[in-house]
Amino acid sequence: MRLPMYCPIYDLYCPIAAVGRAGRSGHFTAPCAAASRLSRPPRAGPVPLLLRLLLRPLPPAPSPGEPSGCGRCRAAVGAAVRCAMLPLLRRLVLPAACDGSRDGDSRYANLFKKLDLNEDGRVDIAELQTGLQAMGIPLGKEAEEKIFKAGDTNQDGQLDFEEFMQYLKDHEKKMKLAFKSLDKNNDGKIEPSEVVQSLKILGINISEKQAEKILQSIDADGTMSVDWNEWRDHFMFNPATDIEEIIRYWKHSTVLDIGDSLTVPDEFTEEEKKSGQWWKQLLAGGVAGAVSRTGTAPLDRLKVMMQVHGSKSNKMNIASGFKQMLKEGGVRSLWRGNGVNVVKIAPETAIKFWAYEQYKKILTKDDGNLGTVERFVSGSLAGATAQTSIYPMEVLKTRLAVGKTGQYSGMFDCAKKILKTEGVKAFYKGYIPNILGIIPYAGIDLAVYELLKSTWLEHYASSSANPGVFVLLGCGTASSTCGQLASYPLALVRTRMQAQASVEGAPQLNMVGLFQRIIATEGIQGLYRGIAPNFMKVLPAVSISYVVYEKMKQNLGIA
């Protein structure tokens, strides 16, 4: 039996059958009973019909005598209702603004119009900066240039609407992934507990109350949770592309080189390791440290001179110390020992990074997570490993700094003379107080940083979760300074032990003996000799480090 090819419902979803019907005589049959019951004339256009087709139940089983071929119609009805009716109904019934893509295009068009200040259909970098600032989105020059570079696909120095829209669409896709990575329970909202959990995985510990403060800067409707629309609107022009990048500014970076090497190493994400960003960041930090140490070398040498030669009797201070160095060796002598101080950056950084990764693997818990204590222990052990490896260079630096003009021709000559007159043991003098100094320095450094971070989040995070450059620099500088203050007596004893063999008439004492002698002859203040020039170099060291690091990031293409 041939199937009836004419059925209004079948034709509705099978245009080929409808077109072919005219050329196939013998197939013009009356509508089947099932189709007839659903094909009553619409009252007012197609929408009521579509609504009835969607809402009414499927036709009952065929009545006796009804052609069995109508099973095909019934199957077509079921498939049609399920597969094609809903989108068709949505296009006909719902307004165009409710369509996601059209709504998005409309938003993009409105944004583009606000940025296109001269209304020429294109947006240049100046218009982008001015427009974003007028909209209350001051991102900073670097972030704005990053957006412009990513969007300007034809590299003509301007963004047309197509480029602008494509950039935002691509950016929204990345932000959607970031949103999903935070939305742990997949309920379409980000809650404070999920922020705490995500930050903890990345080694940043905050309380739920602090997480609420962060969300307040994103939460537009005051529900204490952030849905996708709020998240998208907040990060619309933020060039960050993933959750690690969004919250990376709160990671305690060691790029601020103030001359000491006792900090816990930087933490890198898996993506940074795979992409090679980690070595670029280490290289940028190393160059920044080298320039910073060279710029503050005179103050660093003065500190060493005051630690070794300062006493109650000679009353050496900053002014007299500089006069003595200039008189003895001229301006060039102010940088004595700086070469070793710069050279040791590379091996120390590399060893510390490698050791940190190894210790983390050993101390990682069964569930794969690494807690704050484990990170601190891993960092401290990595610092101790790096210091043990390069410690002979620390001794060389001190000997060169306190040496007289002509005493050593350079680093290798100094090493040869020490080895010949004092033996291998001399290269590890002061090692014990140096290692002991790692714990108070790194511990207080991290503790103060966390305290300052928490204070800022408690009081100022409601307007923005991004603390800005000056807050981060201030937190990092203050925490490092506090760490130095706590470990300074051990650093002074270490320096004296390194240098005492080269000082005429100086007794050869161990760590305990030196502590007792200093306290007995100079009092507690004797343990802090040279701390004034040490603190004086902090601000210029931090400033130089930051400027050079940012410049290196640009040259190396670090995001």
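Just so it is clear, glycine is given a Cβ too, placed from its N, Cα and C backbone atoms.
Per DSSP, the secondary structure of the domain 'EF-hand' (103-138) breaks down as 23 helix, 2 strand, 11 coil. Residues or ranges marked as domain 'EF-hand' in TrEMBL: 103-138 (among others).
Under the heading domain 'EF-hand', TrEMBL lists 139-169 (among others).
The domain 'EF-hand' annotation in TrEMBL covers 170-205 (among others).
Averaged across the domain 'EF-hand' (206-241), pLDDT for the predicted model comes to 72. Sequence annotations record features per position, and here TrEMBL assigns domain 'EF-hand' to 206-241 (among others).
Residues annotated as repeat 'Solcar' in TrEMBL: 276-362 (among others).
Under DSSP, the residues of the repeat 'Solcar' (370-455) split into helix, strand and coil as follows: 72 helix, 0 strand, 14 coil. Look at TrEMBL and you will find 370-455 (among others) tagged as repeat 'Solcar'.
The repeat 'Solcar' feature in TrEMBL is assigned to 467-555 (among others). With helix defined as DSSP H, G or I and strand as E or B, the repeat 'Solcar' (467-555) counts 75 helix, 0 strand, 14 coil.
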Non-local residues, at least 6 beyond the ends, that sit with Cβ under 8 Å of the domain 'EF-hand' (103-138): 97, 144-145, 147-148, 157-161, 164-165, 168-169, 172, 236-237
Tally of DSSP helical, extended and coil residues in the domain 'EF-hand' (170-205): 23 helix, 2 strand, 11 coil
